[in-house]
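Participant: Please see the structure below; I have some questions.
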Amino acid sequence: MSLSSILSADAIDSAIKDCQAPDSFCAKKFFQICGLTKKSPQDIKKVFGILDNDASGFIEEEELKFFLQRFCPGARVLTDKETKAFLSAADDDSDGMIGADEFQAMVLS
């Protein structure tokens, strides 16, 4: 399954273009622009599964760096500052990883 089977390619493109400059990524804004905030909890869990590259049940910091590239292969890598901000915003239990429930809560908040 690909992200474009859940989100429109145009919306993904718009979201990627919005954060092309280093340190301009904002997860909540990205989720809104790409249309993820309007999706069902089931679709959000499907997106989480695609983003969880190693299928560990968590999105770790190393996977977060390549977050944008999961949406568009030619996109940039997140900066360390963006990666840490994303992780701290979503990691409610402070275990250094984002679980499916934490991801869904962040998307829908």
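Indices start at 1 and increase along the chain as displayed.
From the backbone N, Cα and C atoms, a Cβ is placed for every residue, glycine too.
Below are the features listed in TrEMBL for this protein:
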| type | residues | note |
| --- | --- | --- |
| DOMAIN | 39-74 | domain 'EF-hand' |
| BINDING | D52, D54, S56, F58, E63 | Ca(2+) 1 binding site |
| BINDING | D91, D93, D95, E102 | Ca(2+) 2 binding site |
Participant: Long-range same-chain neighbours of E102 (Ca(2+) 2 binding site), Cβ under 8 Å, sequence gap at least 6?
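Facilitator: When sequence neighbours closer than 6 are ignored, E102 (Ca(2+) 2 binding site) has A90, D91, D92, D93 within Cβ distance under 8 Å.
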Participant: Compute the centroid of the Cβ atoms of D91, D93, D95, E102, then list the same-chain residues not in that set whose Cβ lies within 8 Å of it, in sequence order, for the Ca(2+) 2 site.
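Facilitator: Nearby residues not in the site list: A90, D92, S94, G96, M97, I98, G99.
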Participant: Taking the domain 'EF-hand' (39-74) alone, what is its mean pLDDT?
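Facilitator: Within the domain 'EF-hand' (39-74), the model's average pLDDT equals 96.
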Participant: If you run through the domain 'EF-hand' (39-74) with DSSP, how many residues end up as helix, strand and coil?
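Facilitator: Breakdown, helix to coil: 21 helix, 3 strand, 12 coil.
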Participant: Determine, to the nearest whole angstrom, how far the Cα atom of E63 (Ca(2+) 1 binding site) is from the Cα atom of D95 (Ca(2+) 2 binding site).
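Facilitator: Between the alpha carbons of E63 (Ca(2+) 1 binding site) and D95 (Ca(2+) 2 binding site) there are 15 Å.
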Participant: With an 8 Å cut-off on Cβ-Cβ distance and a minimum sequence separation of at least 6, pull the same-chain contacts of D54 (Ca(2+) 1 binding site), or say none.
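Facilitator: Spatial neighbours, sequence-distant, of D54 (Ca(2+) 1 binding site): E60, E63.
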Participant: Going by Cα-Cα distance, which of the binding-site residues (D52, S56, F58) sits nearest to D95 (Ca(2+) 2 binding site)?
Facilitator: F58
Participant: Neighbours of the Ca(2+) 1 site D52, D54, S56, F58, E63: Cβ within 8 Å of the Cβ centroid, same chain, sequence order.
Facilitator: N53, A55, G57, I59, E60, M97
Participant: If I restrict to non-local contacts, at least six residues apart, and a C-beta distance under 8 angstroms, what lies near S56 (Ca(2+) 1 binding site) in its own chain?
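Facilitator: Sequence-distant Cβ neighbours: none.
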